[in-house]
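Enquirer: Next up is a structure, given as structure tokens.
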Amino acid sequence: MADKKPHMNIVFIGHVDHGKSTTVGRLLYEHGEIDQRVIDQYRQEAEKLGKSTFEFAFVMDRLKEERERGLTIDVAHRKFETDKYYFTIIDAPGHRDFVKNMITGTSQADAAVLIVAAPEGVMEQTKEHIFLARTLGVPQMIVAINKMDATKPPYDEKRFNEVKEQVEKLLAAVGWKDVPFVPISAYKGDNIMKKSENMPWWKGPTLLELLNNLKVPPKPTDKPLRIPVQDVYSITGIGTVPVGRVETGVLKVGDKVTFMPANKSGEVKSIEMHHEPMKEAYPGDNIGFNVRGIGKKDIKRGDVCGHTSNPPTVAKSFIAQIVVLNHPSVIAPGYTPVFHAHTAQIACRFEELIKTLDPRTGQTKQDHPDFLKTGDIAMVKIVPTRPMVIEPVKEIPQLGRFAVRDMGQTVAAGQCIEVEKKTL
Ligand code: GDP
């Protein structure tokens with residue numbers, strides 16, 4: 001399929017109420033991606049309520065209610081298509097679990113769209129999300145300055161420039177470069193799909209143009225093979241079939257593979273995706289593959305498959321850079337929450353708090369602090385309580401990120417800098 005467009009996963013971030021849902025809703029609505037039946041139903045409701053004109057805002061409010069009802073859905077996946085890309089939106093909901101989903105979910109963001117409301121300007125979560133996107137390794141970013149219709153006076157170029165300057169300072173502080181901006185009104189539709197007549201001073205691209213201008217995410221085929229195991233089946237007549245998404249590298253029929261930390265090896269007899277057999281699988285492919293020489297009980301979710309010649313790294317300990325997102329008290333050495341990395345969930349101990357870092361400069365703030373608190377960025381030494389596969393983010397970024405969960409929330413997120421290998 002030569003004309004197949006690339007996929008692009010985008011995440012919408014920014015302070016609560018700055019207009020993430022409205023922007024997403026606007027993009028989907030204008031791309032005709034909101035089900036006609038839903039629209040018809042909403043239109044009838046609007047008529048009943050005596051609203052003579054049917055408005056986009058009504059669709060938005062109803063969608064929001066529906067999402068609030070569907071709290072069990074961690075991440076709302078929404079899709080639309082342009083002439084250049086298939087976009088999947090990982091809408092960052094109000095709660096902080098999107099961090100975990102970005103790391104452990106099936107879709108790591110290829111780009112972030114930061115929404116900042118023009119009247120309010122930079123707020124607490126604006127800063128936090130900019131830093132988070134950086135720490136989680138989101139490769140590209142767009143900034144949309146929203147609610148331009150609500151500045152005083154409306155569509156004020158001066159206010160846009162003020163907020164743009166505030167955001168640019170934050171971006172530069174954590175090392176983001178060449179981030180494009182656009183002034184929008186998600187509510188009214190300015191500069192989303194078509195150039196706004198309300199902002200003749202804006203000569204730059206629309207949000208849609210910026211989305212189309214994003215760089216195609218590279219396929220990490222040149223990296224070592226890594227397939228985190230999601231599930232393992234035993235299929236009559238076939239044998240053991242692990243299932244998972246190829247994160248990096250290429251898997252071919254006939255390859256010798258090793259699962260870690262299980263330390264079990266076998267030969268790949270067949271690969272299939274969507275019930276179609278295939279000879280080789282690439283990054284992004286969700287596959288099941290039959291491995292001869294391995295029993296169903298030998299491996300489990302959280303193991304990682306690699307080539308026997310270059311098997312996944314099992315950590316005795318690792319050095320990580322983390323950001324503490326949300327901890328009710330403090331993190332001290334000995335704290336042992338659950339780390340979520342790829343498909344693994346393993347309790348890990350904070351062995352050593354090496355130092356805290358200044359988020360603006362990346363320089364050491366304090367050596368060996370007694371504890372870490374919300375907002376701190378730190379280098380720490382982590383010891384998994386059970387064998388665990390993790391890779392330095394510099395070598396295999398897809399296998400180097402993690403979320404730290406405790407008491408039902410994401411308390412920290414980070415990346416693995418260096419691994420002390422476990423000898424098996
Ligand atoms: P989220 O929490 O970031 O997802 O924000 P929402 O999309 O839910 O928007 C929060 C509030 O801001 C809602 O009442 C929206 O109707 C309003 N809003 C969103 N975008 C705009 C805009 O462009 N202009 C104005 N005036 N209000 C907006």
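Placed from the backbone N, Cα and C atoms, the Cβ positions cover glycine too.
Feature list, courtesy of TrEMBL:
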DOMAIN    5-219  domain 'Tr-type G'
BINDING   14-21, 91-95, 146-149  GTP binding site
BINDING   SER21  Mg(2+) binding site
Enquirer: At the level of the C-alpha atoms, what whole-angstrom distance separates GLY14 (GTP binding site) and SER21 (Mg(2+) binding site)?
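Expert: Counting only the Cα atoms, the answer is 11 Å.
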Enquirer: Can you tell me how far the Cα of MET148 (GTP binding site) sits from the Cα of the residue listed as 'Mg(2+) binding site', in Å?
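Expert: It is 16 Å, counting Cα to Cα.
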Enquirer: Per residue, counting other C-beta atoms within 10 angstroms of the C-beta, which of the binding-site residues GLY14, ASP17, LYS20, MET148 reaches the highest number?
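Expert: Answer by Cβ density within 10 Å: MET148.
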Enquirer: Would you mind sorting out which binding-site residues among ASP17, SER21, MET148 put a C-beta under 6 angstroms from ligand 1?
Expert: ASP17, SER21
Enquirer: What average pLDDT is reported by the model for the domain 'Tr-type G' (5-219)?
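Expert: Across the residues of the domain 'Tr-type G' (5-219) the model's pLDDT averages 82 on the 0 to 100 scale.
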Enquirer: Helix, strand or coil at ASP17 (GTP binding site), per DSSP?
Expert: coil
